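Q: This is the structure I want to talk about, given as structure tokens.
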Amino acid sequence: MPPPSDIVKVAIEWPGAYPKLMEIDQKKPLSAIIKEVCDGWSLANHEYFALQHADSSNFYITEKNRNEIKNGTILRLTTSPAQNAQQLHERIQSSSMDAKLEALKDLASLSRDVTFAQEFINLDGISLLTQMVESGTERYQKLQKIMKPCFGDMLSFTLTAFVELMDHGIVSWDTFSVAFIKKIASFVNKSAIDISILQRSLAILESMVLNSHDLYQKVAQEITIGQLIPHLQGTDQEIQTYTIAVINALFLKAPDERRQEMANILAQKQLRYIILTHVIRAQRAINNEMAHQLYVLQVLTFNLLEDRMMTKMDPQDQAQRDIIFELRRIAFDAESEPNNSSGSMEKRKSMYTRDYKKLGFINHVNPAMDFTQTPPGMLALDNMLYFAKHHQDAYIRIVLENSSREDKHECPFGRSSIELTKMLCEILKVGELPSETCNDFHPMFFTHDRSFEEFFCICIQLLNKTWKEMRATSEDFNKVMQVVKEQVMRALTTKPSSLDQFKSKLQNLSYTEILKIRQSERMNQEDFQSRPILELKEKIQPEILELIKQQRLNRLVEGTCFRKLNARRRQDKFWYCRLSPNHKVLHYGDLEESPQGEVPHDSLQDKLPVADIKAVVTGKDCPHMKEKGALKQNKEVLELAFSILYDSNCQLNFIAPDKHEYCIWTDGLNALLGKDMMSDLTRNDLDTLLSMEIKLRLLDLENIQIPDAPPPIPKEPSNYDFVYDCN
């Protein structure tokens, strides 16, 4: 007879004694269990003791997390969190450098546990650490020359403990002094400092900026972009990542009036070129966290365009009207417009109206009215002027080429530019905040200081080319825009490394090629809608679904590394989960770093029997998505969240690294529970595999027309005299 579900069998260690095998009754209070363990080893004052995991996490067992204890778990009897916090609080103030160093090392490790962190913070431990950072450097300045390694380790452990303690969100960031901020900033500003100290200092500065408006002001006074740039020119990708994260944080929290100023500083300091040279084109792979920070920087840079995108043109503003006059002048090189009053006003108005019509504006009389719609507002006019000035030959050619065509066949440059600018803003999501999980950056946008304008210049020439290839008329304007959008989107998915490469990709995506792609997709769709094919699909679909199911389960057996997210930032903290080969148990556990390849089952400390799983929930239904916090409200995170519910009020919470892994895991878990696999990935895989299988089966019928209906059954004969009776 199996043991009751409330009983778990564990091993408990105590230094200097043989481990004990015990059965823990989860219905009993934790204090009663600890007393029982202490009595077994004849230890008095059981209230001074606690249980913690014996694995590398060393997390304390509490009433909140005790349900995570599984059969076979190894626990350790140790001093209680309150006692441990009190002892460490005293030890880190020791006059002995060795004792202080050892205490800070222990503190850095234990601070990851929220139970211990709460007790240490209650002793005003955060203030003690900040005082050590502020004054400790001066106090031990004389010792640095003879004890430099010891001093570096001490400061590193102090900052690590501080980061871990603050990461729990117990203490407000607004409580820190200017002296502390200056000290942290000084570590970042030093040219030669220990890597671990630099990394933690950058992490602290980023958190200060993101979590407090007041601290943003103070950090911005202490740290300049020029002081951060040398860290990007190094070879340590983690330092580069944290440096860009600080720049992004300063950018994100800057007041509107300061963002453009900051962008100008970034341009002066050649930040883009340095990132392109030392990060994007460095001889090493870009990890996910770096890709995310580059994506954030890309989004924040493009969001600088939002102000112009949402600004309507003022038809009465002479400076703005002069831009339109400049477009006309460059295009038609107006021959010494009479400065005197010789030409009549009516003649000049007529000439302007004719030229504005050639420029493709909708309102020929007052083209300023074309820019009153937002988006794209004044951004469209900015793009047109940039194209006219920096690609003058192409601009003049397009305008004159179209002005010489028949009215109905001309590609209106003005209208096209306005609609194209609006479309490009939609593609690049200008004005939207960066996602917490996305890492979709485009290297080509880091190759030019005016990348959006250059992007526009390439696309407006593409639009003109596509217009000619389609032999379009004014009625076809929307169709042309749809084709151009498809061309741009298909070229962007290839992630070109430069704007020139993007241009060459577009050359290969002519209107004829787009038609071929569309026709191929349409033919495939039509071919597979006939009745015989649909019947064949229905027959082989169960085989394909079984194949997909096996692939999903095989991927779960291989396992996936999940990233632990919190309200502060995306951390380099990982945990791994994989299914046992017999599909009966999920093995999972924390990791110190991202693994290279599969993690063996033996190294994963925790187990969850598949038979115990009650349900799999996703999105807002997940327990960890119902918690309060800025991160939890993010739409992208919600779309990647899922949870396994088991036992009573127990859950295993996941946030997938990307949409693909989310689909793999939700499909696989549903398959284990005997439920349908409902993800988009399953639908796509099913369509692809069904299509391939049907094509393979129909190879022998090539060029043979398959009828839509079976042949008719012939009429019965008039008599059956032809029947031969063997008897």
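Cβ coordinates come from backbone N, Cα and C, glycine included.
From a predicted model like this one, the values you see are computed outputs, not experimental measurements.
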Q: Of the residue ranges 211-218, 435-442, 707-714, 715-722, which one carries the motif 'SH3-binding' annotation in Swiss-Prot?
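A: In Swiss-Prot, the motif 'SH3-binding' feature sits at 707-714.
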Q: Can you tell me the three-state DSSP label for Y18 (phosphotyrosine)?
A: coil
Q: Please name which of the modified residues listed here, K100, K105, Y395, Y511, Y720, is nearest in space to Y18 (phosphotyrosine), Cα against Cα.
A: K105
Q: DSSP on the domain 'PH' (555-676): how many residues come out helix, how many strand, how many coil?
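A: Looking at the domain 'PH' (555-676) with DSSP, the answer is 39 helix, 45 strand, 38 coil.
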Q: To the nearest whole angstrom, what is the C-alpha distance linking Y216 (phosphotyrosine) and K105 (N6-acetyllysine)?
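A: Between the alpha carbons of Y216 (phosphotyrosine) and K105 (N6-acetyllysine) there are 30 Å.
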Q: Averaged over the domain 'ELMO' (319-492), what pLDDT does the prediction give?
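A: It averages 89.
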Q: In the motif 'SH3-binding' (707-714), how many residues does DSSP assign to helix, to strand and to coil?
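A: Across the motif 'SH3-binding' (707-714), DSSP assigns the residues as follows: 0 helix, 0 strand, 8 coil.
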Q: List every residue in the same chain as K105 (N6-acetyllysine), at least 6 positions away in sequence, whose Cβ is under 8 Å from its Cβ.
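A: Expected: D153, F157.
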